[in-house]
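Student: Have a look at this one.
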Amino acid sequence: MDETHNNRTSLAKGAKDIAKEAKRQAAKNFSQAVDRASDEYTTHRSYNRFQNEDEEEDNYDSYPPRDGLFADNADSAANDEDGASSDATEGHDVEDEIYEGEYQGVPAYNDGKPRDGQVALGQPVCDSLKSRKELENERQADEEELAQQYELIMQECGHGRFQWQLFFVLGLALMSDGVEVFVVGFVLPSAETDMCVPNSGAGWLGSIVYLGMMFGAFFWGGLSDKVGRKQCLLISMSVNGFFAFLSSFVQGYSMFLLCRMVSGFGIGGAVPIVFSYFAEVLAREKRGEHLSWLCMFWMIGGIYASAMAWAIIPHYGWSFSMGSAYQFHSWRVFVVVCALPCVSAVVALTFMPESPRFYLEMGKHDEAWMVLKHIHDTNMRARGEPERVFTVNRIKIPKQLDELVEMRNESANPVLKVLLKIKAELRGIWLTFMRCFNYPVKDNTIKLAVVWFTLSFGYYGLSVWFPDVIKHLQADEYASRVKVHNNERIEDFTFNFTLENQIHRNSVFLNDRFIGMKFKAVTFIDSSFLNCYFEDVSSVGSFFKNCTFVDDFFYNTDIDDAKLTNSRVVNSSFHHNKTGCQMTFEDDYSAYWVYFVNFLGTLAVLPGNIVSALLMDKIGRLSMLGGSMVLSGISCFFLWFGTSESMMIFMLCLYNGLSISAWNSLDVVTAELYPTDRRGTGFGFCNAMCKLAAVLGNLIFGSLVGITKAIPILLASAVLVGGGLVGLRLPDTRANVLM
């Protein structure tokens, strides 16, 4: 009996201990639930580790106790806590510990919305009950808080290896933009000659490429605010590289124009995305200087294009043909070589992460945290401090505003899905663009558009005008050395050498032979060719006006109806005529001269790049922007004294050196004035205005070459000075953090 009584006593004691332990655990879980709800109410944040919790704790966390459920047990549980252990509970920790050095996962962000099965205690007003204006105000407040916090995070990450790696990768993309601009001018004469473009179609190449870049800047810049900087830059650069490479093989001029237009559409996204991308991984004290250094790659692209054109295009021997239908001349080799920076940029960009600032703007806390940690660890390892720990675990996320999404059937036509997706993206880009004209960025958008337009109009207009004026001076000097032959008579003579820069008027050629020779800038006027033999004859800039051909034989020549102006052909035959337009650079030093002039003009911006990078944060963006544009406008007046080639080249170098500081300052100011959710769109719009001004500048200034100097000089000076004064009215962004 005693043994039975003892067993019952031990059993009752054990049950009592278990009950006390259950009460203690319930009180502890209740306290934790209250603390969590209080924290959600005060901070609207919840950071959880990527670890599985015990099923029992999850149940308690998900369903808070009802009123009074443990009220009568809380005090007794607290009083019995020290002595309430038994054999069944002895040895258990009060709570699971996370020891120092143990991997704790990525801090997860909770925007204050309750999880499934969880009650958001203490939340005064549901978002669904708030107006759109209230939600936008809350988001604005969140963005201001994030901007301050992000600046501190970038200071902790430091400036080092990661930024320099991204600097060179984005530099290749910006270099591709510079190459694309210069390729147009270098390829234009050769492509139009090779493809026999009439004068009515000449000049379209330059305009069509800038139009493609204009639409590309707006589209890719806006899309980068929706899908990300890296992804958009990868796609746009891939489009540019593919169609630039394809354009070197097409034979028709219309297809060549189409390929270059799509290529320009792709490269149009480079400038707005590159500067937005790089600005978002730089701390405030580094931003102005390093964005200015990045601008040097545009200059490097111009130097690369000039050097390659100088080395490749004049070498006519760098070509091959497949019959008479397919010609691959040296200028096509140049186009292929100019696509290499774009290909290199695409390959290098695949190894870089997305902008963490964009991730935070989209509410992707974990992805942003991982990228920031990668930046921090990369820089710390490069400094020899790999033990430094990334201490940031809470990053503010702006309130995510719901957008209307068009519902569609999952089983719908795939083509219809793609079209609806494109429509939705275009609508999103347009809505973001319209927000660029909302307060408080409306005035800044208008002023920036004016400055971009005026600076581009003056720069690209004079960039076209300078080389054309130099060519005009060269043509005048070349024409002054022309040899004129009047009333000559040549019989039984063999021409097997080049005739250059001559005019033959009222001449008679009788029983003459033209074999293996070239006509270069030779014009025959009112002349007669009687019983003559032409074999393997090439002509460049040569014409027969009001001439008569009687009993003549033509074999393997390029003399056709286009070169026989108002001429009469009697009893003459043409056999195996050369097809296509003939190109030759032999003994033509003007081609080398044009490329060399552009090389010098591009190299002249190097001092301006260095000065702007060193002084950007010292004297301010606006002072440099306005001062550079005003000085550039004043320098245009010295063009009155440009009466020789050497003087015009000097003026070209002076103008480029003064204007480059304005370009660098404008890039920095534009990247800093727009908030992150509109930075790509706003920058893309401004860059589109830049390309529109380039088209107008090409057309207006190009039409004035050889007519008058007064209008181009006064027009360029007026727009540059006016744009500089508008630029001084922009807000100073030197002390701004990125919104």
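Cβ atoms are placed via backbone N, Cα and C, with glycine included.
Any TrEMBL annotation is an automated prediction that lacks curation.
Owing to the predicted nature of the structure, the values given are computational and were not obtained by experimental measurement.
Sharing the features that TrEMBL gives for it:
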REGION    1-92  region 'Disordered'
COMPBIAS  14-24  compositional bias 'Basic and acidic residues'
TRANSMEM  166-189  transmembrane segment
DOMAIN    166-734  domain 'Major facilitator superfamily (MFS) profile'
TRANSMEM  201-220  transmembrane segment
TRANSMEM  232-249  transmembrane segment
TRANSMEM  255-279  transmembrane segment
TRANSMEM  291-313  transmembrane segment
TRANSMEM  333-352  transmembrane segment
TRANSMEM  448-466  transmembrane segment
TRANSMEM  592-615  transmembrane segment
TRANSMEM  622-641  transmembrane segment
TRANSMEM  647-669  transmembrane segment
TRANSMEM  681-704  transmembrane segment
TRANSMEM  710-730  transmembrane segment
Student: Considering pairs 6 or more residues apart, do the transmembrane segment (647-669) and the transmembrane segment (232-249) have at least three CB pairs under 8 Å?
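Tutor: Contact absent: fewer than 3 Cβ pairs fall under 8 Å.
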Student: Is the number of Cβ-Cβ pairs under 8 Å between the transmembrane segment (255-279) and the transmembrane segment (681-704) three or more, considering only pairs separated by 6 or more positions?
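Tutor: Contact between the transmembrane segment (255-279) and the transmembrane segment (681-704): present.
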Student: For the transmembrane segment (622-641), give me same-chain residues lying six or more residues beyond its boundaries with a C-beta closer than 8 angstroms to one of its C-beta atoms, as numbers and ranges.
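Tutor: For the transmembrane segment (622-641), the list is 451, 454-455, 458, 462, 608, 612, 615-616, 647-648, 651, 654-655, 658-662, 664-666, 669, 709, 712-713, 716-721, 723-725, 727-728, 730, 732.
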Student: Same chain, outside the transmembrane segment (232-249) by at least 6, Cβ under 8 Å from its Cβ: which residues?
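Tutor: Here the qualifying positions are 173, 176, 180, 216, 220, 223-224, 256, 259-260, 262-270, 273-274, 277, 328, 332-333, 335-336, 338-339, 342-343, 345-346, 349-350, 680.
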Student: Are there at least 3 C-beta pairs under 8 angstroms linking the transmembrane segment (681-704) and the transmembrane segment (333-352), leaving out pairs fewer than 6 apart in sequence?
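Tutor: No; fewer than 3 Cβ pairs under 8 Å.
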Student: Under 8 angstroms for C-beta pairs, at least 3 of them, ignoring pairs fewer than 6 apart in sequence. Is the transmembrane segment (681-704) in contact with the transmembrane segment (291-313) by that rule?
Tutor: no
Student: What stretch of 166-189, 291-313, 448-466, 592-615 shows the most Cβ pairs under 8 Å to the transmembrane segment (710-730)?
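Tutor: It is 448-466, which has the most Cβ pairs under 8 Å.
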Student: Could you tell me what the rest of the chain brings near the transmembrane segment (291-313), counting residues at least six beyond its ends with Cβ under 8 Å?
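Tutor: Non-local partners: 167, 170-172, 174-179, 181-183, 186, 190, 274-275, 278-279, 282, 330-331, 333-334, 337-338, 341, 585, 591-592, 595-596, 598-599, 602-603, 605-606, 609, 612-613, 616, 660, 663-664, 667-668, 671.
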